[in-house]
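Listed in TrEMBL for this protein:
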type: TRANSMEM; residues: 33-56; note: transmembrane segment
type: DOMAIN; residues: 49-297; note: domain 'G-protein coupled receptors family 1 profile'
type: TRANSMEM; residues: 68-90; note: transmembrane segment
type: TRANSMEM; residues: 110-128; note: transmembrane segment
type: TRANSMEM; residues: 148-166; note: transmembrane segment
type: TRANSMEM; residues: 208-232; note: transmembrane segment
type: TRANSMEM; residues: 244-267; note: transmembrane segment
type: TRANSMEM; residues: 279-299; note: transmembrane segment
Amino acid sequence: QDELEFSMGPENETAVTEFILEGFPELDPRLQVFFSLVLLLMYLTTVMGNATIIFLVCVDHHLQTPMYFFISNLAFLEIWFTSSTSIKLFVMLSSGQNTLSLSSCFAQNYFYFAMGCTEFMLLVVMSFDRYVAICQPLLYAAIMKPQLCVRLVVAAWILSFALLSYRLLFLPELSFCGSKIPHFFCDNSPLFKLSCSDTSLLWKIDSVFISCVVLGSLCLTLAFYICILFCVLHLPAASGRKKALTTCSSHLITLSIAYGSCVALYTRPAEAVSLSTNRIVALLNTVLYPFLNPFIYSLRNKPVIL
């Protein structure tokens, strides 16, 4: 049933018109069904949790602050980011429908990286917001005006999708000698390794761009949190220090998952990343991280609960 459709090119070459996503072939069929149910539960929880955050921020004027404005934008992003990979993975595990057209594969690849880039930019903006709130509280209202908040969010979305548009030009030009992708989505490494075309330029552009985005945003985010830490340690009240440290530590846990997985996957040479490791680490990035975000950033906060 997994036979692919092929067409004969002008030079009598076989052209791949569909890909087969192998997912997790090493898992027992019963384990795949169990995994699909766990994935569905996590996905629905992620979508409902993030949708709840967006709804509450829209209807409750107490939550209409810069911090929750950024959090609601992150929640909106997470819904689409996890949907870009989790829905297809669930269908694969539950029904075995694992084929994907070339255009769908390229679109998934583009949106995955564009939304990932947007997320890193939003994380920098959110860490800057917390830095101003904790270290410059008297200037917070003057600095974080609504106009600036909107401009920062719009810039993160537009810049990410515009800068990643080169993928829409390069990917359709590739020809492929194989059809089986040993992954659960169209990630760079397994996709490029199937190509008969010269992908060296695309590899170089991706390596430089992704490394700059991931490592650059990581440095900025850590710099803001280090400044926050120094400010917190100088707070006079012990209760205030404890509250701020607890909040920052939970944020850093989720950041370590997001940045750790991306550094492991995309800032090393392709030969250094095994495909089995790639799949496991990618699950942290595409499933676990979006699942944790609503609980870390909002659903356990007193203003949201009240």
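Each residue, glycine too, has its Cβ placed from N, Cα and C.
Predicted automatically and left uncurated, TrEMBL annotations should be read as such.
Beyond the transmembrane segment (148-166), the same-chain residues lying 6 or more positions past its ends with a Cβ under 8 Å from any Cβ of the stretch are 66, 69-70, 73, 110, 113-115, 117-118, 121-122, 125, 205, 209. When the stretches 110-128, 244-267, 279-299 are ranked by Cβ pairs under 8 Å to the transmembrane segment (33-56), first place goes to 279-299. Packing against the transmembrane segment (244-267) from elsewhere in the chain are residues 116, 119-120, 123, 130, 134, 187-189, 206-207, 210-211, 214-215, 218, 221, 225, 228-229, 232, 235, 273, 277-278, 281-282, 284-285, 288-289, 292-293, 296-297: each is 6 or more residues past its ends and has a CB under 8 Å from a CB in it.
Mean pLDDT for the domain 'G-protein coupled receptors family 1 profile' (49-297) in this predicted model: 87.
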